[in-house]
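Notes follow the structure.
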Amino acid sequence: MAPPQGSRAPLEFGGPLGAAALMLLLPVTMFHLLLVARSGPARLLGPPPYLPGLEELWSPWALLLCLTWLGLQAALYLLPARKVAEGQELKDKSRLRYPINGFQALVLTALLVGLGVSAGLPLSALPEMLLPLAFAATLTAFIFSLLLYLKALLAPASALAPGGNSGNLIYDFFLGRELNPRICSFDFKYFCELRPGLIGWVLINLALLIQEAELRGSPSLAMWLVNGFQLLYVGDALWYEEAVLTTMDIIHDGFGFMLAFGDLAWVPFTYSLQAQFLLYHPQPLGWPLASFICLINAVGYYIFRGANSQKNTFRKNPSDPRVADLETISTATGRRLLVSGWWGMVRHPNYLGDLIMALAWSLPCGVFHLLPYFYFLYFTALLVHREDRDERQCRQKYGLAWHEYCRRVPYRIVPYIY
Ligand SMILES: NC(=O)C1=CN([C@@H]2O[C@H](COP(=O)(O)OP(=O)(O)OC[C@H]3O[C@@H](n4cnc5c(N)ncnc54)[C@H](OP(=O)(O)O)[C@@H]3O)[C@@H](O)[C@H]2O)C=CC1
Ligand SMILES: CC(C)CCC[C@@H](C)[C@H]1CC=C2C3=C(CC[C@@]21C)[C@@]1(C)CC[C@H](O)C(C)(C)[C@@H]1CC3
(Lines of atoms letter the chains of each structure in order from A and count residues from 1; the text may use other names and numbers.)
(Lines give C-alpha, C1' and ligand atoms only; values in the text may rest on other atoms or scores of the structure.)
(Ligands and ions follow the chains in the order given, each with its own letter.)
Protein backbone atom coordinates (compact mmCIF):
# COMPACT_ATOMS: atom_id res chain seq x y z
CA MET A 1 0.00 0.00 0.00
CA ALA A 2 1.53 3.38 -0.97
CA PRO A 3 1.97 5.83 1.88
CA PRO A 4 -0.52 8.67 1.95
CA GLN A 5 0.68 11.91 0.33
CA GLY A 6 2.55 14.28 2.60
CA SER A 7 3.16 11.64 5.28
CA ARG A 8 6.73 10.76 4.31
CA ALA A 9 9.10 10.99 7.27
CA PRO A 10 12.84 11.64 6.71
CA LEU A 11 14.77 8.38 6.35
CA GLU A 12 16.67 7.19 9.42
CA PHE A 13 19.47 4.63 9.98
CA GLY A 14 21.16 5.67 6.69
CA GLY A 15 18.10 4.85 4.54
CA PRO A 16 17.72 1.56 2.63
CA LEU A 17 21.48 0.98 2.41
CA GLY A 18 21.95 1.50 6.14
CA ALA A 19 18.98 -0.77 6.88
CA ALA A 20 20.35 -3.52 4.61
CA ALA A 21 23.79 -3.22 6.22
CA LEU A 22 22.30 -3.41 9.73
CA MET A 23 20.22 -6.47 8.85
CA LEU A 24 23.45 -8.25 7.96
CA LEU A 25 25.73 -6.70 10.57
CA LEU A 26 23.52 -7.25 13.64
CA PRO A 27 23.24 -11.07 13.31
CA VAL A 28 26.93 -11.34 12.30
CA THR A 29 27.94 -9.31 15.39
CA MET A 30 25.74 -11.47 17.61
CA PHE A 31 27.36 -14.72 16.36
CA HIS A 32 30.82 -13.14 16.61
CA LEU A 33 30.19 -12.27 20.27
CA LEU A 34 28.84 -15.74 21.06
CA LEU A 35 31.93 -17.38 19.52
CA VAL A 36 34.48 -15.00 20.96
CA ALA A 37 33.06 -15.15 24.51
CA ARG A 38 33.94 -18.84 24.77
CA SER A 39 37.36 -18.54 23.11
CA GLY A 40 40.58 -18.34 25.16
CA PRO A 41 41.75 -14.82 24.21
CA ALA A 42 38.14 -13.42 24.17
CA ARG A 43 39.19 -10.56 21.90
CA LEU A 44 36.28 -8.34 20.90
CA LEU A 45 38.14 -6.93 17.93
CA GLY A 46 40.01 -10.09 16.93
CA PRO A 47 38.77 -12.70 14.46
CA PRO A 48 36.36 -15.38 15.76
CA PRO A 49 38.14 -18.60 16.80
CA TYR A 50 36.53 -20.45 13.85
CA LEU A 51 33.57 -20.13 11.47
CA PRO A 52 30.76 -22.49 12.47
CA GLY A 53 29.26 -24.69 9.75
CA LEU A 54 25.53 -24.97 9.16
CA GLU A 55 25.49 -28.29 11.09
CA GLU A 56 26.58 -26.43 14.23
CA LEU A 57 24.06 -23.61 13.77
CA TRP A 58 20.98 -25.44 12.60
CA SER A 59 19.16 -27.75 14.99
CA PRO A 60 15.46 -28.64 14.75
CA TRP A 61 15.52 -29.13 18.55
CA ALA A 62 16.72 -25.57 19.08
CA LEU A 63 13.96 -24.27 16.81
CA LEU A 64 11.40 -26.37 18.69
CA LEU A 65 12.70 -25.03 22.01
CA CYS A 66 12.55 -21.48 20.71
CA LEU A 67 8.96 -21.87 19.49
CA THR A 68 7.91 -23.63 22.71
CA TRP A 69 9.36 -20.70 24.68
CA LEU A 70 7.42 -18.21 22.56
CA GLY A 71 4.26 -20.33 22.98
CA LEU A 72 4.72 -20.48 26.76
CA GLN A 73 5.20 -16.71 27.03
CA ALA A 74 2.20 -16.09 24.76
CA ALA A 75 0.07 -18.35 26.99
CA LEU A 76 1.22 -16.43 30.10
CA TYR A 77 0.40 -13.14 28.32
CA LEU A 78 -3.15 -14.37 27.76
CA LEU A 79 -3.75 -15.22 31.44
CA PRO A 80 -6.08 -12.86 33.31
CA ALA A 81 -4.25 -9.62 34.15
CA ARG A 82 -4.35 -7.70 37.46
CA LYS A 83 -4.93 -4.54 35.45
CA VAL A 84 -5.60 -3.41 31.87
CA ALA A 85 -3.85 -0.13 30.94
CA GLU A 86 -4.67 2.31 28.18
CA GLY A 87 -1.94 3.39 25.77
CA GLN A 88 -1.30 6.90 24.42
CA GLU A 89 -3.85 8.46 22.10
CA LEU A 90 -3.49 7.28 18.49
CA LYS A 91 -3.89 9.19 15.20
CA ASP A 92 -7.58 8.25 15.06
CA LYS A 93 -8.02 9.50 18.68
CA SER A 94 -8.56 5.95 19.98
CA ARG A 95 -6.50 4.28 22.72
CA LEU A 96 -5.41 0.63 22.79
CA ARG A 97 -5.69 -1.51 25.89
CA TYR A 98 -2.79 -3.57 27.25
CA PRO A 99 -2.76 -6.35 29.89
CA ILE A 100 -0.44 -5.64 32.82
CA ASN A 101 0.72 -9.12 33.81
CA GLY A 102 4.42 -9.18 32.84
CA PHE A 103 5.72 -9.59 36.38
CA GLN A 104 3.23 -12.40 36.90
CA ALA A 105 4.67 -14.05 33.74
CA LEU A 106 8.20 -13.74 35.19
CA VAL A 107 7.17 -15.34 38.50
CA LEU A 108 5.21 -18.14 36.81
CA THR A 109 8.14 -18.82 34.46
CA ALA A 110 10.49 -19.00 37.47
CA LEU A 111 8.11 -21.48 39.16
CA LEU A 112 7.85 -23.62 36.02
CA VAL A 113 11.64 -23.61 35.52
CA GLY A 114 12.14 -24.43 39.22
CA LEU A 115 9.73 -27.37 38.92
CA GLY A 116 11.43 -28.48 35.71
CA VAL A 117 14.92 -28.37 37.26
CA SER A 118 13.79 -30.34 40.33
CA ALA A 119 12.28 -32.91 37.94
CA GLY A 120 15.64 -33.25 36.16
CA LEU A 121 15.48 -30.58 33.42
CA PRO A 122 19.17 -30.07 32.47
CA LEU A 123 19.23 -26.24 32.55
CA SER A 124 23.03 -26.22 32.64
CA ALA A 125 23.00 -27.72 29.12
CA LEU A 126 21.59 -24.43 27.80
CA PRO A 127 24.96 -22.62 27.46
CA GLU A 128 26.10 -25.38 25.06
CA MET A 129 23.06 -24.69 22.90
CA LEU A 130 23.45 -20.92 22.61
CA LEU A 131 24.68 -20.98 18.99
CA PRO A 132 21.80 -23.07 17.54
CA LEU A 133 19.29 -21.24 19.75
CA ALA A 134 20.53 -17.86 18.51
CA PHE A 135 20.29 -19.15 14.94
CA ALA A 136 16.72 -20.38 15.54
CA ALA A 137 15.76 -17.04 17.13
CA THR A 138 17.23 -15.14 14.16
CA LEU A 139 15.33 -17.32 11.70
CA THR A 140 12.12 -16.85 13.72
CA ALA A 141 12.61 -13.06 13.83
CA PHE A 142 13.18 -12.94 10.07
CA ILE A 143 10.07 -14.98 9.21
CA PHE A 144 8.02 -13.09 11.78
CA SER A 145 9.09 -9.71 10.29
CA LEU A 146 8.09 -10.96 6.84
CA LEU A 147 4.61 -11.87 8.16
CA LEU A 148 4.36 -8.47 9.87
CA TYR A 149 5.27 -6.75 6.60
CA LEU A 150 2.57 -8.70 4.75
CA LYS A 151 0.02 -8.00 7.48
CA ALA A 152 0.72 -4.26 7.16
CA LEU A 153 -0.32 -4.40 3.48
CA LEU A 154 -3.88 -4.94 4.71
CA ALA A 155 -3.75 -2.30 7.46
CA PRO A 156 -5.56 1.05 7.12
CA ALA A 157 -3.37 4.17 6.73
CA SER A 158 -4.25 5.29 10.28
CA ALA A 159 -2.61 2.12 11.66
CA LEU A 160 0.78 2.81 10.01
CA ALA A 161 3.85 4.11 11.88
CA PRO A 162 5.21 7.60 11.09
CA GLY A 163 8.50 6.05 9.82
CA GLY A 164 8.75 2.71 8.01
CA ASN A 165 6.40 3.64 5.19
CA SER A 166 8.82 5.11 2.68
CA GLY A 167 7.79 2.80 -0.18
CA ASN A 168 11.26 1.16 -0.14
CA LEU A 169 10.81 -2.52 0.64
CA ILE A 170 14.12 -3.08 2.47
CA TYR A 171 13.84 0.06 4.59
CA ASP A 172 10.21 -0.54 5.51
CA PHE A 173 10.87 -4.22 6.27
CA PHE A 174 13.66 -3.16 8.65
CA LEU A 175 11.85 -0.31 10.42
CA GLY A 176 8.39 -1.84 10.44
CA ARG A 177 5.26 -0.50 8.79
CA GLU A 178 2.46 -1.04 11.25
CA LEU A 179 2.60 0.78 14.59
CA ASN A 180 0.67 -1.68 16.76
CA PRO A 181 0.17 -4.96 14.85
CA ARG A 182 -2.44 -7.02 16.66
CA ILE A 183 -4.62 -10.08 16.21
CA CYS A 184 -7.71 -9.45 18.33
CA SER A 185 -6.29 -8.09 21.59
CA PHE A 186 -2.89 -9.79 21.23
CA ASP A 187 -0.38 -6.97 20.67
CA PHE A 188 2.74 -8.42 19.02
CA LYS A 189 5.11 -5.50 19.65
CA TYR A 190 4.16 -5.02 23.30
CA PHE A 191 4.42 -8.80 23.85
CA CYS A 192 7.86 -9.13 22.21
CA GLU A 193 9.31 -5.99 23.77
CA LEU A 194 8.98 -7.24 27.35
CA ARG A 195 8.47 -10.99 27.58
CA PRO A 196 10.30 -13.66 25.54
CA GLY A 197 13.60 -11.79 25.12
CA LEU A 198 13.88 -10.18 28.55
CA ILE A 199 12.80 -13.31 30.47
CA GLY A 200 14.94 -15.43 28.10
CA TRP A 201 17.94 -13.23 28.95
CA VAL A 202 17.70 -13.86 32.71
CA LEU A 203 17.09 -17.57 32.08
CA ILE A 204 20.30 -17.80 30.02
CA ASN A 205 22.14 -15.93 32.80
CA LEU A 206 20.80 -18.40 35.37
CA ALA A 207 21.85 -21.37 33.24
CA LEU A 208 25.37 -19.90 33.01
CA LEU A 209 25.44 -19.44 36.79
CA ILE A 210 24.36 -23.06 37.36
CA GLN A 211 26.95 -24.32 34.90
CA GLU A 212 29.64 -22.31 36.67
CA ALA A 213 28.57 -23.85 39.98
CA GLU A 214 28.82 -27.35 38.43
CA LEU A 215 32.26 -26.59 36.98
CA ARG A 216 33.86 -24.79 39.94
CA GLY A 217 31.86 -25.90 42.98
CA SER A 218 30.02 -22.58 43.41
CA PRO A 219 29.21 -19.49 41.34
CA SER A 220 31.75 -16.67 41.55
CA LEU A 221 30.94 -13.34 43.21
CA ALA A 222 31.27 -11.66 39.80
CA MET A 223 28.68 -14.07 38.33
CA TRP A 224 26.28 -13.38 41.26
CA LEU A 225 26.62 -9.65 40.72
CA VAL A 226 25.96 -9.79 36.96
CA ASN A 227 22.97 -12.10 37.50
CA GLY A 228 21.61 -9.93 40.34
CA PHE A 229 21.95 -6.61 38.49
CA GLN A 230 20.39 -7.88 35.29
CA LEU A 231 17.57 -9.67 37.14
CA LEU A 232 16.82 -6.37 38.88
CA TYR A 233 16.70 -4.63 35.47
CA VAL A 234 14.36 -7.21 33.95
CA GLY A 235 12.21 -7.49 37.09
CA ASP A 236 11.91 -3.69 37.13
CA ALA A 237 10.89 -3.56 33.45
CA LEU A 238 8.12 -6.08 34.13
CA TRP A 239 7.04 -4.59 37.47
CA TYR A 240 6.71 -1.14 35.86
CA GLU A 241 5.41 -2.67 32.63
CA GLU A 242 2.93 0.13 32.09
CA ALA A 243 5.80 2.63 31.69
CA VAL A 244 6.78 0.98 28.40
CA LEU A 245 3.60 2.46 26.90
CA THR A 246 5.21 5.92 26.81
CA THR A 247 8.52 4.79 25.25
CA MET A 248 9.53 5.59 21.68
CA ASP A 249 9.26 1.95 20.59
CA ILE A 250 5.58 1.79 21.47
CA ILE A 251 4.44 5.30 20.55
CA HIS A 252 6.56 5.95 17.47
CA ASP A 253 8.37 2.97 15.90
CA GLY A 254 6.71 0.42 13.67
CA PHE A 255 7.19 -3.28 14.31
CA GLY A 256 9.65 -4.68 11.79
CA PHE A 257 12.94 -6.58 11.65
CA MET A 258 14.78 -4.08 13.89
CA LEU A 259 12.55 -4.63 16.90
CA ALA A 260 11.63 -8.26 16.17
CA PHE A 261 15.31 -9.28 15.91
CA GLY A 262 16.24 -6.88 18.73
CA ASP A 263 13.63 -8.30 21.10
CA LEU A 264 13.83 -12.00 20.22
CA ALA A 265 17.52 -12.57 19.42
CA TRP A 266 19.74 -9.57 20.18
CA VAL A 267 18.56 -9.00 23.75
CA PRO A 268 18.80 -12.56 25.13
CA PHE A 269 21.98 -13.59 23.29
CA THR A 270 24.09 -10.42 23.47
CA TYR A 271 22.83 -8.89 26.72
CA SER A 272 23.92 -12.11 28.50
CA LEU A 273 27.48 -11.59 27.19
CA GLN A 274 29.01 -10.69 30.59
CA ALA A 275 27.72 -13.92 32.15
CA GLN A 276 28.93 -15.89 29.10
CA PHE A 277 32.35 -14.29 29.43
CA LEU A 278 32.54 -15.07 33.16
CA LEU A 279 31.75 -18.75 32.64
CA TYR A 280 34.79 -19.19 30.41
CA HIS A 281 37.02 -16.51 31.99
CA PRO A 282 36.53 -16.49 35.80
CA GLN A 283 37.51 -13.17 37.39
CA PRO A 284 38.62 -12.65 40.99
CA LEU A 285 36.52 -10.04 42.80
CA GLY A 286 36.73 -9.04 46.46
CA TRP A 287 33.93 -7.68 48.64
CA PRO A 288 35.21 -4.06 48.82
CA LEU A 289 35.23 -3.68 45.02
CA ALA A 290 31.96 -5.64 44.71
CA SER A 291 30.32 -3.22 47.20
CA PHE A 292 31.56 -0.24 45.20
CA ILE A 293 30.14 -1.75 41.97
CA CYS A 294 26.81 -2.35 43.76
CA LEU A 295 26.80 1.32 44.76
CA ILE A 296 27.33 2.37 41.11
CA ASN A 297 24.46 0.13 40.02
CA ALA A 298 22.22 1.52 42.79
CA VAL A 299 22.94 5.14 41.73
CA GLY A 300 22.20 4.27 38.08
CA TYR A 301 18.99 2.47 39.02
CA TYR A 302 17.84 5.36 41.24
CA ILE A 303 18.20 7.86 38.37
CA PHE A 304 16.74 5.47 35.74
CA ARG A 305 13.67 4.53 37.78
CA GLY A 306 13.11 8.04 39.13
CA ALA A 307 13.19 9.62 35.67
CA ASN A 308 11.09 6.98 33.91
CA SER A 309 8.43 6.93 36.65
CA GLN A 310 8.28 10.73 36.81
CA LYS A 311 7.65 11.04 33.07
CA ASN A 312 5.18 8.18 33.04
CA THR A 313 3.22 9.53 36.02
CA PHE A 314 3.15 12.99 34.42
CA ARG A 315 2.00 11.68 31.03
CA LYS A 316 -0.76 9.59 32.65
CA ASN A 317 -2.02 12.33 34.95
CA PRO A 318 -0.29 15.74 35.15
CA SER A 319 -2.26 16.57 38.31
CA ASP A 320 -0.94 13.54 40.20
CA PRO A 321 0.38 14.93 43.55
CA ARG A 322 3.80 13.34 42.88
CA VAL A 323 4.37 15.57 39.83
CA ALA A 324 1.82 18.39 40.20
CA ASP A 325 4.40 20.77 41.77
CA LEU A 326 6.96 20.36 39.00
CA GLU A 327 7.60 23.26 36.66
CA THR A 328 6.40 22.75 33.08
CA ILE A 329 6.32 24.45 29.66
CA SER A 330 3.08 24.52 27.67
CA THR A 331 3.17 23.41 24.03
CA ALA A 332 0.84 24.07 21.11
CA THR A 333 -0.27 20.41 21.19
CA GLY A 334 -1.85 20.88 24.63
CA ARG A 335 0.73 18.52 26.21
CA ARG A 336 3.22 20.03 28.62
CA LEU A 337 6.95 19.37 29.04
CA LEU A 338 8.61 18.95 32.44
CA VAL A 339 11.45 21.41 33.07
CA SER A 340 12.22 20.62 36.68
CA GLY A 341 12.78 17.41 38.64
CA TRP A 342 14.74 14.74 36.75
CA TRP A 343 13.75 16.21 33.36
CA GLY A 344 15.18 19.59 34.38
CA MET A 345 18.63 18.07 35.02
CA VAL A 346 19.27 16.82 31.45
CA ARG A 347 16.90 16.13 28.57
CA HIS A 348 17.29 12.33 28.91
CA PRO A 349 17.96 11.54 32.58
CA ASN A 350 16.64 7.99 32.07
CA TYR A 351 19.44 7.32 29.52
CA LEU A 352 22.03 8.57 32.02
CA GLY A 353 20.81 6.13 34.70
CA ASP A 354 20.68 3.28 32.19
CA LEU A 355 24.27 3.97 31.08
CA ILE A 356 25.57 4.04 34.65
CA MET A 357 23.96 0.63 35.22
CA ALA A 358 25.49 -0.67 31.96
CA LEU A 359 28.93 0.23 33.31
CA ALA A 360 28.20 -1.54 36.61
CA TRP A 361 27.31 -4.73 34.69
CA SER A 362 30.72 -4.80 32.98
CA LEU A 363 32.95 -3.91 35.93
CA PRO A 364 32.65 -7.34 37.67
CA CYS A 365 34.39 -8.77 34.58
CA GLY A 366 37.60 -6.86 35.34
CA VAL A 367 39.42 -4.34 33.19
CA PHE A 368 41.73 -6.58 31.15
CA HIS A 369 39.22 -7.52 28.42
CA LEU A 370 37.21 -5.21 26.18
CA LEU A 371 34.62 -7.89 25.37
CA PRO A 372 32.45 -7.51 28.53
CA TYR A 373 32.34 -3.75 27.84
CA PHE A 374 30.68 -4.38 24.47
CA TYR A 375 27.23 -3.75 25.97
CA PHE A 376 28.32 -0.42 27.47
CA LEU A 377 29.90 0.72 24.17
CA TYR A 378 26.99 -0.43 21.98
CA PHE A 379 24.48 1.04 24.40
CA THR A 380 26.23 4.42 24.44
CA ALA A 381 26.07 4.50 20.63
CA LEU A 382 22.43 3.31 20.64
CA LEU A 383 21.32 5.93 23.17
CA VAL A 384 23.20 8.81 21.50
CA HIS A 385 21.53 7.88 18.20
CA ARG A 386 18.18 7.35 19.91
CA GLU A 387 18.43 10.72 21.64
CA ASP A 388 19.09 12.35 18.29
CA ARG A 389 16.04 10.63 16.74
CA ASP A 390 13.83 11.61 19.68
CA GLU A 391 15.12 15.17 19.58
CA ARG A 392 14.12 15.48 15.89
CA GLN A 393 10.66 14.04 16.59
CA CYS A 394 10.12 16.37 19.57
CA ARG A 395 11.31 19.42 17.60
CA GLN A 396 8.74 18.54 14.95
CA LYS A 397 6.01 17.80 17.50
CA TYR A 398 6.54 20.74 19.87
CA GLY A 399 8.28 23.42 17.69
CA LEU A 400 9.10 26.57 19.68
CA ALA A 401 8.26 24.97 23.02
CA TRP A 402 10.97 22.36 22.39
CA HIS A 403 13.51 25.11 21.60
CA GLU A 404 12.57 26.75 24.89
CA TYR A 405 13.05 23.39 26.69
CA CYS A 406 16.51 23.02 25.09
CA ARG A 407 17.40 26.55 26.18
CA ARG A 408 16.31 25.86 29.77
CA VAL A 409 17.87 22.37 29.88
CA PRO A 410 20.92 22.58 27.60
CA TYR A 411 22.52 19.14 28.23
CA ARG A 412 21.21 16.02 26.55
CA ILE A 413 22.40 13.04 28.64
CA VAL A 414 25.37 13.90 30.88
CA PRO A 415 25.22 17.20 32.84
CA TYR A 416 27.91 19.71 31.75
CA ILE A 417 29.41 17.20 29.30
CA TYR A 418 26.91 16.18 26.62
N1 LIG B 1 18.36 -1.62 27.56
C2 LIG B 1 18.14 -1.26 26.31
O3 LIG B 1 18.57 -1.88 25.37
C4 LIG B 1 17.37 -0.04 26.03
C5 LIG B 1 16.81 0.70 27.04
N6 LIG B 1 16.15 1.84 26.77
C7 LIG B 1 15.58 2.57 27.89
O8 LIG B 1 14.21 2.69 27.66
C9 LIG B 1 13.72 3.86 28.32
C10 LIG B 1 12.79 4.61 27.39
O11 LIG B 1 13.55 5.24 26.37
P12 LIG B 1 12.96 5.98 25.07
O13 LIG B 1 11.70 5.36 24.67
O14 LIG B 1 14.07 6.05 24.09
O15 LIG B 1 12.75 7.46 25.50
P16 LIG B 1 11.93 8.18 26.62
O17 LIG B 1 11.28 7.30 27.59
O18 LIG B 1 12.89 9.19 27.18
O19 LIG B 1 10.79 8.87 25.81
C20 LIG B 1 10.99 10.00 25.02
C21 LIG B 1 9.69 10.76 25.01
O22 LIG B 1 9.45 11.33 26.32
C23 LIG B 1 8.69 12.53 26.17
N24 LIG B 1 9.47 13.60 26.79
C25 LIG B 1 10.70 14.04 26.48
N26 LIG B 1 11.07 15.05 27.28
C27 LIG B 1 10.05 15.27 28.11
C28 LIG B 1 9.82 16.19 29.17
N29 LIG B 1 10.72 17.10 29.51
N30 LIG B 1 8.65 16.15 29.82
C31 LIG B 1 7.70 15.22 29.48
N32 LIG B 1 7.85 14.31 28.48
C33 LIG B 1 9.01 14.35 27.82
C34 LIG B 1 8.56 12.78 24.67
O35 LIG B 1 7.34 12.14 24.22
P36 LIG B 1 5.87 12.77 24.47
O37 LIG B 1 6.07 14.21 24.77
O38 LIG B 1 5.15 12.50 23.20
O39 LIG B 1 5.31 12.01 25.62
C40 LIG B 1 9.70 11.97 24.08
O41 LIG B 1 9.45 11.59 22.76
C42 LIG B 1 14.95 4.64 28.77
O43 LIG B 1 15.16 4.47 30.14
C44 LIG B 1 16.08 4.00 28.01
O45 LIG B 1 17.28 4.10 28.72
C46 LIG B 1 16.00 2.30 25.50
C47 LIG B 1 16.54 1.60 24.46
C48 LIG B 1 17.26 0.38 24.63
C1 LIG C 1 20.38 -3.16 17.88
C2 LIG C 1 19.33 -2.59 17.03
C3 LIG C 1 19.84 -1.51 16.11
C4 LIG C 1 18.16 -2.05 17.75
C5 LIG C 1 17.52 -3.01 18.69
C6 LIG C 1 17.09 -2.27 19.86
C7 LIG C 1 16.34 -3.10 20.88
C8 LIG C 1 17.19 -4.23 21.36
C9 LIG C 1 15.98 -2.14 22.03
C10 LIG C 1 15.13 -0.97 21.55
C11 LIG C 1 14.46 -0.47 22.75
C12 LIG C 1 14.50 -1.44 23.71
C13 LIG C 1 14.02 -1.33 25.05
C14 LIG C 1 14.31 -2.31 25.98
C15 LIG C 1 15.10 -3.51 25.57
C16 LIG C 1 15.91 -3.31 24.31
C17 LIG C 1 15.13 -2.69 23.19
C18 LIG C 1 14.06 -3.65 22.70
C19 LIG C 1 13.66 -2.31 27.35
C20 LIG C 1 12.49 -3.29 27.23
C21 LIG C 1 14.66 -2.84 28.41
C22 LIG C 1 14.08 -2.76 29.81
C23 LIG C 1 13.75 -1.31 30.16
O24 LIG C 1 13.29 -1.19 31.50
C25 LIG C 1 12.74 -0.69 29.21
C26 LIG C 1 12.63 0.80 29.54
C27 LIG C 1 11.36 -1.29 29.42
C28 LIG C 1 13.29 -0.86 27.76
C29 LIG C 1 12.41 -0.26 26.69
C30 LIG C 1 13.24 -0.10 25.41
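If you go along the chain as it appears here, the first residue is 1 and each next one adds 1.
Every residue, even glycine, has its Cβ placed from backbone N, Cα and C.
Those TrEMBL annotations? Automatic predictions, nothing curated.
Note that the structure is predicted; figures quoted are calculated from it, not measured.
Taken verbatim from TrEMBL:
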- 17-37: transmembrane segment (TRANSMEM)
- 57-79: transmembrane segment (TRANSMEM)
- 100-123: transmembrane segment (TRANSMEM)
- 129-150: transmembrane segment (TRANSMEM)
- 255-273: transmembrane segment (TRANSMEM)
- 285-304: transmembrane segment (TRANSMEM)
- 355-384: transmembrane segment (TRANSMEM)
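When Cβ distances are compared across the two stretches, the transmembrane segment (129-150) makes contact with the transmembrane segment (17-37), since 3 or more pairs at least 6 residues apart fall below 8 angstroms. The stretch from 17-37, 100-123, 255-273, 285-304, 355-384 that makes the most Cβ contacts under 8 Å with the transmembrane segment (57-79) is 100-123. Here the transmembrane segment (255-273) does not touch the transmembrane segment (285-304). Their Cβ atoms form fewer than 3 pairs under 8 Å, with each pair 6 or more residues apart.
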